[in-house]
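Listed in TrEMBL:
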type    : residues                                          : note
BINDING : R111, K151, 156-162, 186-189, E194, H217, 274-275 : ATP binding site
DOMAIN  : 115-304                                           : domain 'ATP-grasp'
REGION  : 347-367                                           : region 'Disordered'
Amino acid sequence: MTVSDKVKLKPGDTIGILGGGQLGRMLAMAAARLGLKCQVFSPDPDSPAFDVVLNATCAEYADVEALELFANDVDVITYEFENVPAATAMVLAARRPVLPAQKILETTQDRLIEKNFVKRLGIDTADYADVSSAETLQSAIARIGLPAVIKTRRFGYDGKGQAIIREGDDPVRIWEELGTKSAILEAFVSFEREISVIAARSADGHVECYDVTENEHRDHILKFSRVPAAISDELAAQARAVAEKIAHALDYVGVLAVELFVVAGNGGPHVLVNEVAPRVHNSGHWTLDGASVSQFEQHIRAIAGWPLGKPIRHGQVTMTNLIGDDILDYEQWLTVPGATVHLYGKGTPRPGRKMGHVTEVAPASKK
Ligand code: AMP
């Protein structure tokens, strides 16, 4: 019997959420609609998720006493970010079920371990190599070629902790600037498009995937998601099969996102996995207004031990992220016919900060 088999919440029970950002906030709102309470744990007193729950714990992730008290107050624990420290997860898992399971974090917190795991499943990724010094970077470049992308193994997001190395660049300088001892070098992928699959898996192994999302980034940050992705049905099925395989292999419970590159090939386009996110994901925000059950609700259902919903898409959907000063246009967005506006209640709009998003659904043209 695994941890997840034991969880069966009733309406009125409490879910503990680690992390107080917009993902935690939207998880808590989805839980409330299902009659479940949430308690949010975050070290940041300005956490947007605190605004939507009655009970919050504002403490450091290393504060064992606070973690224990938090665990005592809740029935199951989940998280909205993948960099939950291992020691934090261990303290919590000793007291309450943590879903997705703690061991999944070990795979997804480290790009090298994650890529090796995906490869072992027979799923394609860009070529990559382990890099731990300027010398190993030189030999990785010799094997993989240029251009290539160097990425820190841990704690990278929205393009942070990575750099492109081109012909003529000085790899030693780039290595020193990266300021890490553990990285991977990845072949640069000339992709046709970027897509993602949001998948939910329940404790009994049932998987529901959303329609494949096409993603457009600006300055490494997601700007638009469009659904359905402009790819063939066969490729979409392939992408969903990849996500399903990963979810089963991780014995996953909850929602996960798989980011993929679509690349041209002799036998037609195919997909390469870029990254696996063990959580609800920005490219799944469209599901709040564009599908019968949102990614947030699916995650809550999965970790509560409840049946997953069958996600039915309402039409052609565009999600636009409001990043930094984009938020200043919120009143204009409020007047756009058919647009649904989500504001995260964050204070200062810094460049690159995700402040809200807007969903537009065109119901007529279902694919
Ligand atoms: P990541 O942090 O790995 O999700 O990368 C952020 C973004 O950088 C991706 O969504 C891509 O747009 C771009 N990127 C990452 N890896 C590569 C690659 N190997 N080749 C080309 N572009 C990449």
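Yeah, the Cβs are placed from backbone N, Cα and C, and that goes for glycine too.
Keep in mind that TrEMBL annotations are predicted by a computer and have not been checked by a curator.
For the binding-site residues shown (R111, K160, E186, N274), fewest C-beta neighbours within 10 angstroms: K160. In this structure, the binding-site residues that sit close to ligand 1, with a C-beta under 6 angstroms from any of its atoms, are E186, N274, chosen from R111, K160, E186, N274.
Residue counts for the region 'Disordered' (347-367) by DSSP state, with H, G and I taken as helix and E and B as strand, are 0 helix, 9 strand, 12 coil. Residues belonging to the domain 'ATP-grasp' (115-304) score a mean pLDDT of 96 in the model. DSSP gives R111 (ATP binding site) a helix state.
Ranking the binding-site residues Y157, V189 by C-beta neighbours within 10 Å puts V189 at the top.
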